[in-house]
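Novice: Features from TrEMBL:
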| type | residues | note |
| --- | --- | --- |
| ACT_SITE | Thr303 | active site |
| BINDING | Glu262, Thr303, Asp475, His476 | Mn(2+) binding site |
| BINDING | His416 | substrate binding site |
| DOMAIN | 255-544 | domain 'Sulfatase N-terminal' |
| TRANSMEM | 20-39 | transmembrane segment |
| TRANSMEM | 51-74 | transmembrane segment |
| TRANSMEM | 81-101 | transmembrane segment |
| TRANSMEM | 126-149 | transmembrane segment |
| TRANSMEM | 169-187 | transmembrane segment |
Amino acid sequence: MDIKKLLNKLIAINYDRHKIVLTIALISFLKIVFFSIGIKAPETDWDWRLLTIVIFIVSNLSIIFVLLTPTLLFKTRKKQIIYSILINFSLSFIIIANRLYNQFFHSYISLDTVSHSTEGLSMFQALYSTIRLGEIFWLLDIPILIYIFSKQHYNEINEKSKVSPPMKAVIVISVTILLWTPIMSIYTGNLEHHQNIQLKESGLFMYYAKEAATSAPLVEERQKEDIRNVQQIEQWFANKAISEGRLTAEMENKNLIVLQVEALQEIVINKEINGQEITPNLNEIFNESIYFENVYDQVEMATADAEVLVNLSQYPLDNVSVYMRYPDNKFHSWPHALKKEGYETAALHGHYGDFYNRDEAYPNIGFEKFFSREHYKEDEMHNDLLGDKTFLEQSVPYLEELENPFNAFIITLTSHHPFNYLESYDEINVDPYKDTIVGDYIESIHYTDAAIGKFYDEMEEKGLLEDTLIAIYGDHAAFNYNERDYEELNDFFSVNIHDPVERVGIHKVPFMIHDPSGGLNSKVIDEQAGMIDIMPTVGNLLGIENPYAMGRDILNTGEDEVILKEGSFIKDDIYYYSKTRTFYDLETGKEVEVENDEELIAQAEDTLDVSNLIYKTDYFRDILDN
């Protein structure tokens, strides 16, 4: 095929100014179609319906033409073409960003994420680690369009428009009103579907238009009014079993330090590489702690979601952080429960205060003080991240300032994906994984482990360990399922990370409760649990109750059930994978039939619905105010 003849033919076809717009509109629409086709629907019984297809076509073509209508306002064809190509390029950029975001976070970008996001360097580095050459597909048309519409191929590119400016303005306003209003009325109210289905059915532009419309304050208030009937919430808590027994109030009135370690996975505890312990300091703490070896993260690599599971003992939202969507809610949290018992509460983190919108959310969660990056000297930086060693060292004086008893929630940072923040690190030999994501991870976790060891030494020197209970856990799995070095990951974990059953184990995070004074006998607990159960378990030891915690005390309940992301769950030795609606035997990895399968699925979905309903209705506001 003669490429030059083909391009000349395209030039001839698009000579008319209106055909130029139509061509770019068609290309943009096809991109939205291909993007939607590529989105995986989580329910196997979902399928395209005729009405869905019609609405998809009409709504997306309409919004594309609305976006391109301003081309009528330009006096020259050149400006018209430049604007049209910019719209097309913006669409390509949004598609690529969403695809990369999905590969890393297993969800898609929401407006709340964009409006509050200050991830900056760490976000871009994380997304870069998942980029594939195939993403260039979404940009292939841009240079072709520029070539076709370049001045050397378009002699009359500056031809004057014959439509008067006032008439153009009337057309723009009219088209916007006529098209926007009915389309939004069709989509408003269809918000409970999984994000993947919303994007797949709506199309990219319409999804964001719908999200913007339904995020407006008046709509939010209307939604709250529509779901004021909170019987479902009340019934759920009424049915929740309350247990009391082993070790209740054994650690009463002790200070509490909760240490959330970035990307710490259960697999590295007591693991060696080339004869060296990966986490020697945590291993020592492990030997003196109550250790829970089967705790699952229940999140998709989102630190803020881990905080919600622990501090609120509620489930995170599917598509956006609770801190971003509902920062002004009242929360019946563990920090509030501790404050009620006379604890001074504080949070400490080496990142900026507005990262994940923490500075707005933390006061409502119950933290009286928040020490963020602005409170620390930047004397040890790694790619613009404050090093864990200096962060933890500088945190000790802040802990000394707190009144006893205190609750300090501390979040580390350096071992963040993609784990290449340490410019050079030779304290551990990571062969044969050097210069792979596995090697980088081992180095970063070894560094953070050393920081924790030094932190313990500093606290002991200051007398902070004498009457303090310390809970340590990892916030989420370290790796996503689309890493470039997946072969090394398969070798490191001894599993196929692309297999949904085998990779369940990747979501195990260590959880240990340590009393440095020796008041707790060390033991290993093998019950299956989730991060949502961490604070109910710690609260039992402190003798502090939170009747509205959705988690359970692992020490005093015999339930082996963990609800994971998007309605998947583990119960006993059975794993339910919601994306394929399939039950598996965890031991064999084979599909199995479960007698009461629909009942189990409904229970898990009901629990997640109740958690979401609590956020949407701001359920605890009246309870706490009264």
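A Cβ is built for glycine as well, from the same backbone N, Cα and C atoms used for every other residue.
TrEMBL annotations: computationally assigned, not manually curated.
For the listed features, I'd like the structural context: burial, neighbours, distances.
Specialist: Taken residue by residue with DSSP, Thr303 (active site) is part of a helix.
In the three-state DSSP reading, His476 (Mn(2+) binding site) counts as coil.
His416 (substrate binding site) has a Cβ environment of 24 other Cβ atoms inside 10 Å. His416 (substrate binding site) falls outside any helix or strand according to DSSP and counts as coil.
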Novice: Glu262, Asp475: which of these binding-site residues has the highest Cβ count within 10 Å of its own Cβ?
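Specialist: Answer by Cβ density within 10 Å: Asp475.
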Novice: Do me a favour and check the Cα-Cα span between His416 (substrate binding site) and Asp475 (Mn(2+) binding site); whole Å is fine.
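Specialist: So the alpha carbons of His416 (substrate binding site) and Asp475 (Mn(2+) binding site) sit roughly 11 Å from each other.
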Novice: Within 10 Å of the Cβ of His476 (Mn(2+) binding site), how many other Cβ atoms can you find? Include all protein chains, please.
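Specialist: Around the Cβ of His476 (Mn(2+) binding site), 23 other Cβ atoms lie within 10 Å.
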Novice: Can you tell me the CA-to-CA distance separating His476 (Mn(2+) binding site) and Thr303 (active site), as a whole number of Å?
Specialist: 7
Novice: What does the structure give for the C-alpha distance between Glu262 (Mn(2+) binding site) and Thr303 (active site)? Integer Å is fine.
Specialist: 8
